[in-house]
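Student: Features from Swiss-Prot:
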type	residues	note
BINDING	P93, L94, A95, R96, G97, L98, G99, S100, S101, A102, T103	ATP binding site
Amino acid sequence: MTTLSSITVSVPATTANLGPGFDCLGAAISLYNRFKFSIADSAIEVKITVTGKEAPKVSTDRNNLAYQAFVKLYEYINQTPPCVLVEIDLGVPLARGLGSSATAIVGGLLGANQLAGSPLSQTEVMNLAIAIEGHPDNVVPALLGGCRLTASTSKGWVVCDIPWHPDIVPVVAIPDFELSTTEARRVIPTEYIRSDAIFNCAHLGILLRGLETGYGEWLQAGMQDKIHQPYRKSLIKGYEYVRSAALNAGAYEMVISGAGPTLLALTNSLTSSKVIAAMTGAWENQGVVTQVQALEINTRGAVFS
């Protein structure tokens, strides 16, 4: 077996929930963070360098999440982690609801697994990633690619690959302000009435068929939610204003991406440019600087180079 001394992992961003799929549904999209791990000869335990627009916000010591995941895998296989140089190139905005933490977890675990000689299977890496993150909706598509629905069973996690119709275009509006996942979770109730639970179950089923067929009426109906969005939207300035603009421009529906504050609209190639312009203008009218772009679904997941 050839022992690697360096490995680079490219991990896609993710948009989670898609409305009713709270903590269980997510899709990989075409924004990326890259993590390079190189075994070091020096006695320095870890040296981390970060590049990218938001690099100053990322920890460069042992508290770095990618490095913590790297160490966690070695602990899991009962080995001492090597001294390592970590180079991170950021392409996924931080604290925006695009799975930046999931990229770090997946990148760190995969980097460690490769340098350790691949002792863990992809499923074992996935299980460890879910355990670290606490929920599967971001880490699973970040690892595997595509749109994934994940559920826990008595035998472990079950992952379904959800077909995404090629005519459906995801448009993301990324604002210049952050929203912590902790704050976004704090406003969510701990208990729900039965009718709201039934509502989400029904609409998630409709959404999955809409994603598969590209049928606009199912997408519009399927993205409705009563579990998290009604409580989180108040944390996002101009949410209803931007949503109205997106729908008037032809989007099927607009939802919060992950914990927010990024907003996700699903549309098609005929209306995507109008939706982009409408969402940009609407948020700017609310005094929010935003980057709005049409992305693609990443079907490969995390890859090595």
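Glycine is no exception: its Cβ is also placed from the backbone N, Cα and C atoms.
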Student: Can you tell which of S101, T103 has the most other C-beta atoms within 10 Å, given these are the binding-site residues?
Tutor: T103
Student: Let's check the environment of G99 (ATP binding site): how many other CB atoms sit within 10 Å of its CB?
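Tutor: Within a 10 Å radius of the Cβ of G99 (ATP binding site) lie 32 other Cβ atoms.
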Student: May I have the list of same-chain residues other than P93, L94, A95, R96, G97, L98, G99, S100, S101, A102, T103 whose Cβ is within 8 Å of the Cβ centroid of the recorded ATP site, in sequence order?
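Tutor: Neighbours within 8 Å of the Cβ centroid, excluding P93, L94, A95, R96, G97, L98, G99, S100, S101, A102, T103: A13, V92, G258.
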Student: Can you tell me whether DSSP puts A95 (ATP binding site) in helix, strand or coil?
Tutor: coil
Student: Does P93 (ATP binding site) have same-chain partners at least 6 apart in sequence with Cβ under 8 Å from its own Cβ, and which are they?
Tutor: L31, E54, S100, I174, T262
Student: Do any residues at least six apart in sequence from A95 (ATP binding site), in the same chain, have a Cβ closer than 8 Å to its Cβ, and if so which, in order?
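Tutor: Sequence-distant Cβ neighbours: E178, L179, S180, T181.
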Student: Please list, in sequence order, the residues in the chain of G97 (ATP binding site) that are at least six apart in sequence and whose C-beta is under 8 Å away from its C-beta.
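Tutor: Within the chain, G97 (ATP binding site) has Cβ neighbours under 8 Å at T15, A16, L179, A184, I256, S257, G258, A259, G260, P261, T262.
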